[in-house]
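Going by TrEMBL, these are the annotated features:
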CARBOHYD  Arg146  N-linked glycosylation site
SITE      Arg146  site 'Required for activity'
SITE      Arg153  site 'Required for activity'
Amino acid sequence: MAVGTSSGIPSTPLLKDEVDIVIPTIRNLDFLEMWRPFFQPYHLIIVQDGDPRKTITVPDGFDYELYNRNDINRILGPKAACISFNDSTCRCFGFLVSKKKYVAKDPSGKEINAPEQHIKNLLSPSTPFFFNTLYDPYREGADFVRGYPFSLREGVSTVVSHGLWLNIPDYDAPTQLVKPHERNTRQEYVDAVITVPKGALFPMCGMNLAFNRELIGPAMYFGLMGDGQPIRRYDDMWAGWCVKVICDHLGLGVKTGLPYIWHSKASNPLVNLKKEYHGIHWQEEVIPFFQAVSLPKKCTTPQECYIELSKQVKEKLGKVDVYFNKLADAMVTWIEAWDELNPSEKLSNVSAE
């Protein structure tokens, strides 16, 4: 593990001491210069994928920890098997070792204060039980529309803030091939944040994301992808589906919309098709599975919900492919690793019961 220090910048950012920004990478982090005004006040957790012998350089002036595969193996021991290799799912290790209340996954693109908007989303309530047609009623200049139940206007805690992309859309490989030149331009920009309603799943992109680690962190596992696995590019989708059904069960909220990030690097659709092939086929059975998931009332913590969900994954999706049996086992290992590295959170959950 490498550790760096930085000098501060004059402004006082939101929740400076309560936010970690997690960055998975296989290359030097020169892009941080673009984000310096917004990222420098926060602590960075950098998870290096690929060859641990390679030296990753970080621009001067950032406060960071840098972990590579050797660090992951040393810290987790046999449980390191639940952290994928040669895939961006390695970001999960950053979620494990963070000690902050909020975690943001680094975005990329043109300058915008994405951390600030994510924090604002997380600090304001969500309204998953009744849809407000005037977007987020807690934003300045908005409110609840006529007919909205007064009994639901307090909302619930927001635990996930999901941002969107401008320019190159986040399409799957078949759509990329059909629309290779399509761009999501400023004309499609909507200055809005909305709550994803209870009972509705959504495709969560992990590139522009923040979450409340204390309330939903144990469920933010991006699964088994990458080397040795039959599927890639579904890590954030899997995490999003798991998180959403657990949020619905626990009465927590998910917001999507702002901040938008300008995405300028298009991935190869033919390469993506090879990575997504099984996922495109399997999702037609995986999504109905999540739509039908029911968690027992006795599950009152994210850990308990996730363990129960792993059992249902093995029972129902194990029939689709043996991969899901491995994934279900990895889900259990993930929770064991979470509790091992975060014993105080486990004790607080037991006390709350």
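Cβ atoms here come from the backbone N, Cα and C positions, even for glycine.
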Protein Cβ atoms within 10 Å of Arg153 (site 'Required for activity'), excluding its own: 15
Compute the C-alpha separation of Arg146 (N-linked glycosylation site) from Arg153 (site 'Required for activity'), stating it in Å without decimals. 12
